[in-house]
Amino acid sequence: MDFSSSNGSEDTELSQAQIHLYKHVYNFVSSMALKSAMELGIADVIHSHGKPITLPELATALNLRPSKIGVLHRFLRLLTHNGFFAKTTVSRGEGAEEETAYGLTPPSKLLVKSNSTCLAPIVKGALHPSSLDMWRSSKKWFLEDNEELTLFESATGESFWEFLNKETESDTLSMFQEAMAADSHMFKLALKECKHVFEGLGSLVDVAGGRGGVTKLIREAFPHVKCTVFDQPQVVANLTGDENLNFVGGDMFKSVPPADAVLLKWVLHDWNDELSLKILKNCKEAISGRGKEGKVIIIDISIDETSDDRELTELKLDYDLVMLTMFNGKEREKKEWEKLIYDAGFSSYKITPICGFKSLIEVFP
């Protein structure tokens with residue numbers, strides 16, 4: 001652009017473009033400020049305080065030195081602007097000067113560790129160096145002639161699953177399992193919204209169900225359903241069930257235990273279409289003896305740029321790049337789900353939005 005001949009409209013456009021560019025360049029600051037708040041336990045302190053807390057009170061509770069109060073204020077200013085804390089004023093008594101205090105908002109309540117809906121492990125996992133460092137190799141990855149190679153593999157020399165399973169007792173594996181368990185607690189919302197989906201089932205297999213967080217919620221809501229958690233042998237090896245909860249080790253790419261329904265929560269987006277098709281066909285085989293009563297229940301993202309608002313669409317597209325770069329997986333649009341489902345031999349499906357940004361997809365033989 002020739003600045004000497006630019007008009008007011010072009011100047012405004014340039015200014016807005018600069019703001020847009022800088023905002024996205026520095027979005028990482030908001031993420032890291034949130035990570036800092038989570039690691040310090042700011043939401044936990046405010047929750048324990050029982051009411052909005054002043055900066056000096058918060059600094060004392062966090063064992064911060066007085067010299068850090070100004071730093072804490074500036075972090076909270078950004079996080080308050082982003083909706084994670086609410087700013088108010090409190091008075092120490094009649095005639096006393098009012099002080100600024102900070103309270104929780106619905107998003108920061110998701111960071112309170114004593115809450116069953118705590119998502120702090122998600123924040124920890126998503127912003128862990130193992131998730132972020134790979135992006136330094138993105139240009140190298142783009143220039144490599146290997147369609148199957150993920151960005152994670154290009155950067156580290158191993159797949160994410162190999163990295164995760166190197167040590168069955170590793171801190172990274174525990175962190176990943178805790179993140180998946182935390183996300184599973186939000187499944188209670190789905191059970192409330194879609195209770196009818198699970199009514200009438202006699203048995204259910206939760207494929208790649210981890211430690212059984214989701215399965216236990218289903219059993220709690222439907223105690224008559226015989227539930228099986230199906231995952232890799234090393235995941236379920238030391239887990240014990242009971243009469244209506246069984247843990248089975250195996251390989252979902254080879255077979256899936258039979259049941260009235262098969263649950264795939266947060267599974268298919270980890271895999272490309274070819275491998276997802278193999279999983280779905282095995283799930284169809286697992287319910288084949290159940291007649292028209294059998295079904296597969298998928299909980300995953302369904303991208304809909306025409307109906308979703310901008311913020312929701314951006315979140316789903318962010319997730320899509322996470323799946324691509326870490327697993328060579330994908331988040332799918334409705335037409336992609338439809339093709340995958342029909343290619344696996346199913347006759348019909350129904351997509352129902354749940355839990356904010358996920359969808360529940362019922363698939364029928």
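Cβ atoms are placed via backbone N, Cα and C, with glycine included.
Between the candidates Lys195, Lys265, Swiss-Prot assigns the S-adenosyl-L-methionine site shared with Val207, Ala208, Gly209, Gly210, Asp231, Gln232, Asp251, Met252 to Lys265. Counting only same-chain residues at least 6 apart in sequence, those with a Cβ under 8 Å from the Cβ of Asp251 (S-adenosyl-L-methionine binding site) are Gln232. Remark: of the recorded positions Lys265, His269, the most isolated position is His269 (fewest other Cβ atoms within 10 Å of its Cβ). Among the binding-site residues Gly209, Asp231, the residue whose Cβ has the fewest other Cβ atoms within 10 Å is Asp231. If you draw a 10 Å sphere around the CB of Val207 (S-adenosyl-L-methionine binding site), it holds 24 other CB atoms from the protein chains shown. Rounded to a whole value, the Cα-Cα separation of Val207 (S-adenosyl-L-methionine binding site) and His269 (active site, proton acceptor) is 13 Å. His269 (active site, proton acceptor) sits 16 Å from Asp231 (S-adenosyl-L-methionine binding site), taking the C-alpha atoms as the reference points.
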